[in-house]
Amino acid sequence: MDPKNGSSFTGFILLGFSDRPQLERVLFVVLLIFYLLTLLGNTGIIALSRLDPHLQTPMYFFLSNLSFLDLCYTTSTVPQLLVDLRGPDKSISFAGCVAQLFVSLWLGSTECILLGVMAFDRYAAVCRPLHYTVIMHPRLCALMASASWFIGFVNSSLHTVLIFLVPLCGRNKIDHFFCEIPPLLKLACVDTTVYESELFSVSVMILLIPVALITFSYGQIVRVVLAIKSASGRRKAFGTCGSHLTVVSLFYGTGIYIYLQPSNNYSQDQGKFISLFYTIVTPMVNPVIYTLRNKDVMGAMRKVLCRGYDSR
(Lines of atoms letter the chains of each structure in order from A and count residues from 1; the text may use other names and numbers.)
(Lines give C-alpha, C1' and ligand atoms only; values in the text may rest on other atoms or scores of the structure.)
Protein backbone atom coordinates (compact mmCIF):
# COMPACT_ATOMS: atom_id res chain seq x y z
CA MET A 1 0.00 0.00 0.00
CA ASP A 2 2.41 2.56 -1.26
CA PRO A 3 1.37 6.09 -0.26
CA LYS A 4 2.37 7.22 -3.73
CA ASN A 5 -0.52 5.28 -5.21
CA GLY A 6 -2.58 8.47 -4.93
CA SER A 7 -1.12 11.84 -5.92
CA SER A 8 -2.89 13.63 -3.06
CA PHE A 9 -2.49 10.82 -0.53
CA THR A 10 -1.84 12.18 2.97
CA GLY A 11 -3.06 9.32 5.14
CA PHE A 12 -6.18 7.36 6.00
CA ILE A 13 -9.63 8.23 7.31
CA LEU A 14 -10.97 5.87 9.97
CA LEU A 15 -14.72 5.82 9.39
CA GLY A 16 -15.33 3.86 12.58
CA PHE A 17 -18.88 4.46 13.81
CA SER A 18 -19.37 7.82 12.02
CA ASP A 19 -22.57 6.50 10.41
CA ARG A 20 -24.04 6.21 13.93
CA PRO A 21 -23.50 9.61 15.64
CA GLN A 22 -25.76 8.73 18.58
CA LEU A 23 -23.80 5.53 19.18
CA GLU A 24 -20.52 7.48 19.09
CA ARG A 25 -21.52 9.51 22.15
CA VAL A 26 -22.46 6.41 24.13
CA LEU A 27 -19.35 4.54 23.01
CA PHE A 28 -17.08 7.38 24.09
CA VAL A 29 -18.32 7.24 27.69
CA VAL A 30 -18.41 3.42 27.86
CA LEU A 31 -14.98 2.94 26.26
CA LEU A 32 -13.39 5.63 28.41
CA ILE A 33 -14.64 3.85 31.55
CA PHE A 34 -13.54 0.46 30.19
CA TYR A 35 -10.11 1.83 29.28
CA LEU A 36 -9.56 3.29 32.76
CA LEU A 37 -10.65 -0.03 34.32
CA THR A 38 -8.26 -1.87 32.00
CA LEU A 39 -5.36 0.35 33.09
CA LEU A 40 -6.29 -0.04 36.76
CA GLY A 41 -6.85 -3.81 36.69
CA ASN A 42 -3.80 -4.82 34.68
CA THR A 43 -1.48 -2.40 36.48
CA GLY A 44 -2.78 -3.86 39.75
CA ILE A 45 -1.94 -7.42 38.65
CA ILE A 46 1.60 -6.39 37.68
CA ALA A 47 2.12 -4.47 40.93
CA LEU A 48 0.81 -7.30 43.12
CA SER A 49 3.04 -9.84 41.34
CA ARG A 50 6.04 -7.64 42.12
CA LEU A 51 5.14 -6.71 45.70
CA ASP A 52 4.00 -10.05 47.14
CA PRO A 53 6.68 -12.80 47.42
CA HIS A 54 3.98 -15.50 47.29
CA LEU A 55 3.06 -14.37 43.77
CA GLN A 56 6.61 -14.56 42.41
CA THR A 57 5.98 -17.91 40.73
CA PRO A 58 5.93 -18.99 37.06
CA MET A 59 2.13 -18.66 36.88
CA TYR A 60 2.17 -15.02 38.00
CA PHE A 61 5.27 -14.26 35.93
CA PHE A 62 3.30 -15.21 32.83
CA LEU A 63 0.19 -13.46 34.14
CA SER A 64 2.23 -10.25 34.57
CA ASN A 65 3.37 -10.60 30.96
CA LEU A 66 -0.25 -11.03 29.88
CA SER A 67 -1.33 -7.95 31.84
CA PHE A 68 1.47 -5.89 30.32
CA LEU A 69 0.45 -7.12 26.87
CA ASP A 70 -3.16 -6.16 27.49
CA LEU A 71 -2.15 -2.70 28.70
CA CYS A 72 -0.07 -2.06 25.57
CA TYR A 73 -2.57 -3.67 23.20
CA THR A 74 -5.48 -1.58 24.42
CA THR A 75 -3.36 1.58 24.41
CA SER A 76 -2.37 0.97 20.78
CA THR A 77 -5.98 1.42 19.62
CA VAL A 78 -8.33 2.89 22.22
CA PRO A 79 -6.86 6.42 22.70
CA GLN A 80 -7.05 7.00 18.93
CA LEU A 81 -10.63 5.70 18.93
CA LEU A 82 -11.61 8.02 21.80
CA VAL A 83 -10.20 11.02 19.92
CA ASP A 84 -12.10 10.00 16.78
CA LEU A 85 -15.34 9.55 18.70
CA ARG A 86 -15.15 13.07 20.14
CA GLY A 87 -14.30 15.11 17.04
CA PRO A 88 -14.95 15.38 13.32
CA ASP A 89 -11.32 14.72 12.37
CA LYS A 90 -10.96 10.95 12.00
CA SER A 91 -7.73 10.94 10.03
CA ILE A 92 -4.57 8.97 10.75
CA SER A 93 -1.27 9.43 8.93
CA PHE A 94 0.18 6.71 6.73
CA ALA A 95 3.05 6.18 9.20
CA GLY A 96 0.58 6.18 12.09
CA CYS A 97 -1.53 3.51 10.41
CA VAL A 98 1.55 1.35 9.73
CA ALA A 99 2.67 1.73 13.34
CA GLN A 100 -0.79 0.95 14.72
CA LEU A 101 -1.15 -2.17 12.58
CA PHE A 102 2.35 -3.36 13.43
CA VAL A 103 2.01 -2.85 17.19
CA SER A 104 -1.48 -4.34 17.47
CA LEU A 105 -0.47 -7.38 15.40
CA TRP A 106 2.73 -7.81 17.39
CA LEU A 107 0.94 -7.74 20.73
CA GLY A 108 -1.99 -9.85 19.53
CA SER A 109 0.33 -12.51 18.07
CA THR A 110 2.42 -12.52 21.24
CA GLU A 111 -0.69 -13.08 23.32
CA CYS A 112 -1.64 -16.07 21.15
CA ILE A 113 1.71 -17.73 21.89
CA LEU A 114 1.75 -16.67 25.55
CA LEU A 115 -1.65 -18.24 26.24
CA GLY A 116 -0.28 -21.52 24.89
CA VAL A 117 2.75 -21.21 27.18
CA MET A 118 0.46 -20.52 30.14
CA ALA A 119 -1.47 -23.71 29.34
CA PHE A 120 1.81 -25.67 29.47
CA ASP A 121 2.51 -24.08 32.86
CA ARG A 122 -0.87 -25.31 34.17
CA TYR A 123 -0.14 -28.76 32.72
CA ALA A 124 3.17 -28.90 34.61
CA ALA A 125 1.53 -27.68 37.84
CA VAL A 126 -1.33 -30.21 37.78
CA CYS A 127 0.21 -33.21 36.02
CA ARG A 128 3.79 -32.94 37.31
CA PRO A 129 3.43 -31.25 40.71
CA LEU A 130 6.53 -32.86 42.26
CA HIS A 131 8.72 -31.73 39.36
CA TYR A 132 7.00 -28.38 38.76
CA THR A 133 9.76 -26.16 40.12
CA VAL A 134 12.35 -28.11 38.13
CA ILE A 135 10.37 -28.03 34.88
CA MET A 136 9.30 -24.40 35.16
CA HIS A 137 12.75 -23.07 35.99
CA PRO A 138 12.99 -19.25 35.95
CA ARG A 139 15.35 -19.42 32.96
CA LEU A 140 12.89 -21.54 31.00
CA CYS A 141 10.05 -19.18 31.92
CA ALA A 142 12.06 -16.17 30.73
CA LEU A 143 13.01 -18.05 27.54
CA MET A 144 9.40 -18.99 26.74
CA ALA A 145 8.15 -15.47 27.43
CA SER A 146 10.93 -13.99 25.25
CA ALA A 147 10.16 -16.49 22.49
CA SER A 148 6.49 -15.43 22.58
CA TRP A 149 7.46 -11.78 22.11
CA PHE A 150 9.95 -12.62 19.35
CA ILE A 151 7.54 -14.84 17.37
CA GLY A 152 4.89 -12.14 17.67
CA PHE A 153 7.36 -9.56 16.37
CA VAL A 154 8.32 -11.71 13.34
CA ASN A 155 4.68 -12.48 12.54
CA SER A 156 3.70 -8.82 12.77
CA SER A 157 6.60 -7.75 10.57
CA LEU A 158 5.60 -10.27 7.88
CA HIS A 159 1.92 -9.30 7.95
CA THR A 160 2.61 -5.57 7.94
CA VAL A 161 5.01 -5.77 4.99
CA LEU A 162 2.61 -7.94 2.99
CA ILE A 163 -0.39 -5.69 3.68
CA PHE A 164 1.33 -2.45 2.72
CA LEU A 165 2.66 -3.91 -0.53
CA VAL A 166 -0.91 -4.08 -1.85
CA PRO A 167 -1.68 -1.17 -4.25
CA LEU A 168 -4.38 1.23 -3.08
CA CYS A 169 -4.79 3.50 -6.12
CA GLY A 170 -5.55 6.44 -3.83
CA ARG A 171 -8.24 4.81 -1.70
CA ASN A 172 -7.91 5.92 1.91
CA LYS A 173 -11.23 5.47 3.74
CA ILE A 174 -10.95 2.55 6.18
CA ASP A 175 -14.35 1.27 7.28
CA HIS A 176 -13.10 0.49 10.77
CA PHE A 177 -12.00 2.27 13.95
CA PHE A 178 -8.33 1.25 13.66
CA CYS A 179 -5.92 -0.09 11.06
CA GLU A 180 -6.61 -3.82 10.87
CA ILE A 181 -5.96 -6.37 8.13
CA PRO A 182 -9.48 -7.22 6.81
CA PRO A 183 -10.64 -3.60 6.28
CA LEU A 184 -7.25 -2.62 4.84
CA LEU A 185 -7.53 -5.41 2.27
CA LYS A 186 -10.93 -4.01 1.26
CA LEU A 187 -9.14 -0.88 0.01
CA ALA A 188 -7.03 -2.78 -2.51
CA CYS A 189 -7.62 -2.03 -6.19
CA VAL A 190 -6.16 -5.38 -7.33
CA ASP A 191 -6.99 -9.03 -6.75
CA THR A 192 -5.81 -9.88 -3.21
CA THR A 193 -6.26 -13.66 -3.41
CA VAL A 194 -2.52 -14.38 -3.20
CA TYR A 195 -2.05 -11.97 -0.29
CA GLU A 196 -5.02 -13.42 1.54
CA SER A 197 -3.71 -16.98 1.08
CA GLU A 198 -0.31 -16.03 2.49
CA LEU A 199 -1.82 -14.15 5.41
CA PHE A 200 -4.27 -16.98 6.09
CA SER A 201 -1.43 -19.54 6.23
CA VAL A 202 0.53 -17.48 8.74
CA SER A 203 -2.60 -16.80 10.82
CA VAL A 204 -3.38 -20.52 10.96
CA MET A 205 0.05 -21.23 12.42
CA ILE A 206 -0.09 -18.39 14.95
CA LEU A 207 -3.63 -19.23 16.10
CA LEU A 208 -3.98 -23.00 15.74
CA ILE A 209 -0.56 -24.22 16.95
CA PRO A 210 -1.09 -22.64 20.40
CA VAL A 211 -4.67 -23.97 20.35
CA ALA A 212 -3.27 -27.47 19.75
CA LEU A 213 -0.87 -27.04 22.70
CA ILE A 214 -3.71 -25.77 24.89
CA THR A 215 -5.96 -28.70 23.87
CA PHE A 216 -3.22 -31.22 24.63
CA SER A 217 -2.38 -29.61 27.98
CA TYR A 218 -5.97 -29.51 29.19
CA GLY A 219 -6.65 -32.99 27.86
CA GLN A 220 -3.88 -34.25 30.13
CA ILE A 221 -5.11 -32.09 33.00
CA VAL A 222 -8.66 -33.49 32.75
CA ARG A 223 -7.28 -37.05 32.68
CA VAL A 224 -5.26 -36.42 35.86
CA VAL A 225 -8.02 -34.53 37.64
CA LEU A 226 -10.57 -37.26 37.02
CA ALA A 227 -8.18 -39.68 38.73
CA ILE A 228 -8.12 -37.53 41.89
CA LYS A 229 -10.43 -39.15 44.43
CA SER A 230 -11.17 -36.17 46.69
CA ALA A 231 -13.77 -33.65 45.56
CA SER A 232 -11.78 -30.77 47.09
CA GLY A 233 -8.67 -31.82 45.13
CA ARG A 234 -10.63 -31.84 41.88
CA ARG A 235 -12.11 -28.42 42.62
CA LYS A 236 -8.69 -26.99 43.38
CA ALA A 237 -7.20 -28.42 40.18
CA PHE A 238 -10.08 -27.19 38.03
CA GLY A 239 -10.09 -23.83 39.81
CA THR A 240 -6.45 -23.15 38.95
CA CYS A 241 -7.19 -23.81 35.26
CA GLY A 242 -10.71 -22.41 34.89
CA SER A 243 -9.59 -18.78 34.75
CA HIS A 244 -7.08 -19.48 32.01
CA LEU A 245 -9.60 -21.46 29.95
CA THR A 246 -12.08 -18.58 30.16
CA VAL A 247 -9.49 -16.10 28.90
CA VAL A 248 -8.43 -18.50 26.12
CA SER A 249 -12.04 -18.92 24.97
CA LEU A 250 -12.65 -15.15 24.84
CA PHE A 251 -9.42 -14.33 23.02
CA TYR A 252 -9.23 -17.17 20.51
CA GLY A 253 -12.95 -17.14 19.74
CA THR A 254 -12.82 -13.55 18.52
CA GLY A 255 -9.40 -13.92 16.86
CA ILE A 256 -10.44 -16.95 14.84
CA TYR A 257 -13.65 -15.19 13.76
CA ILE A 258 -11.73 -12.18 12.43
CA TYR A 259 -8.68 -13.81 10.85
CA LEU A 260 -9.67 -17.31 9.75
CA GLN A 261 -12.94 -16.73 7.93
CA PRO A 262 -13.07 -16.15 4.14
CA SER A 263 -12.92 -12.48 3.16
CA ASN A 264 -16.17 -12.72 1.18
CA ASN A 265 -17.97 -13.68 4.43
CA TYR A 266 -16.46 -10.79 6.38
CA SER A 267 -19.02 -8.27 7.65
CA GLN A 268 -17.64 -4.79 8.36
CA ASP A 269 -20.23 -4.04 11.07
CA GLN A 270 -19.76 -7.37 12.82
CA GLY A 271 -15.99 -6.99 12.48
CA LYS A 272 -16.07 -3.62 14.26
CA PHE A 273 -17.99 -4.91 17.26
CA ILE A 274 -15.95 -8.12 17.48
CA SER A 275 -12.79 -5.99 17.34
CA LEU A 276 -14.18 -3.80 20.13
CA PHE A 277 -14.59 -6.94 22.18
CA TYR A 278 -11.01 -8.16 21.93
CA THR A 279 -9.33 -4.75 21.97
CA ILE A 280 -11.05 -3.39 25.08
CA VAL A 281 -13.50 -5.83 26.72
CA THR A 282 -11.20 -8.86 26.94
CA PRO A 283 -8.20 -6.89 28.34
CA MET A 284 -10.56 -5.30 30.88
CA VAL A 285 -12.11 -8.55 32.13
CA ASN A 286 -8.87 -10.58 32.23
CA PRO A 287 -7.78 -9.17 35.62
CA VAL A 288 -11.30 -9.75 36.97
CA ILE A 289 -11.32 -13.36 35.75
CA TYR A 290 -7.93 -14.07 37.31
CA THR A 291 -8.67 -12.43 40.67
CA LEU A 292 -12.28 -13.29 41.52
CA ARG A 293 -11.63 -17.00 42.06
CA ASN A 294 -7.96 -16.67 43.04
CA LYS A 295 -7.33 -16.72 46.79
CA ASP A 296 -3.62 -15.90 46.34
CA VAL A 297 -4.31 -12.68 44.44
CA MET A 298 -7.14 -11.65 46.76
CA GLY A 299 -4.94 -12.33 49.77
CA ALA A 300 -2.07 -10.30 48.28
CA MET A 301 -4.47 -7.45 47.53
CA ARG A 302 -5.72 -7.41 51.14
CA LYS A 303 -2.15 -7.42 52.45
CA VAL A 304 -1.10 -4.51 50.26
CA LEU A 305 -4.21 -2.50 51.18
CA CYS A 306 -3.77 -3.21 54.91
CA ARG A 307 -0.09 -2.30 54.69
CA GLY A 308 -0.98 1.01 53.06
CA TYR A 309 -3.65 1.70 55.69
CA ASP A 310 -1.32 0.84 58.61
CA SER A 311 1.42 3.12 57.25
CA ARG A 312 -0.83 6.17 57.59
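Residue numbering: from 1, along the chain as shown.
Glycine too: its Cβ is placed from the backbone N, Cα and C atoms.
Taken from TrEMBL, the feature domain 'G-protein coupled receptors family 1 profile' covers 41-290. Marked as transmembrane segment by TrEMBL: 26-48, 60-78, 98-120, 140-166, 200-226, 238-260, 272-292.
Counting Cβ pairs under 8 Å that are 6 or more residues apart, the transmembrane segment (200-226) and the transmembrane segment (60-78) reach fewer than 3 and are not in contact.
Counting same-chain residues at least six beyond the ends of the transmembrane segment (60-78), those with a Cβ under 8 angstroms from any Cβ of the stretch are 31, 35, 38-39, 41-43, 45-46, 49-50, 100, 103-104, 107-108, 110-111, 114-115, 117-118, 121, 138, 141, 145, 148, 177-178, 247, 279-280, 282-284, 286-287, 290, 296. Proximity of the transmembrane segment (140-166) to the transmembrane segment (238-260) is not established, fewer than 3 Cβ-Cβ distances being under 8 Å for residue pairs spaced 6 or more apart.
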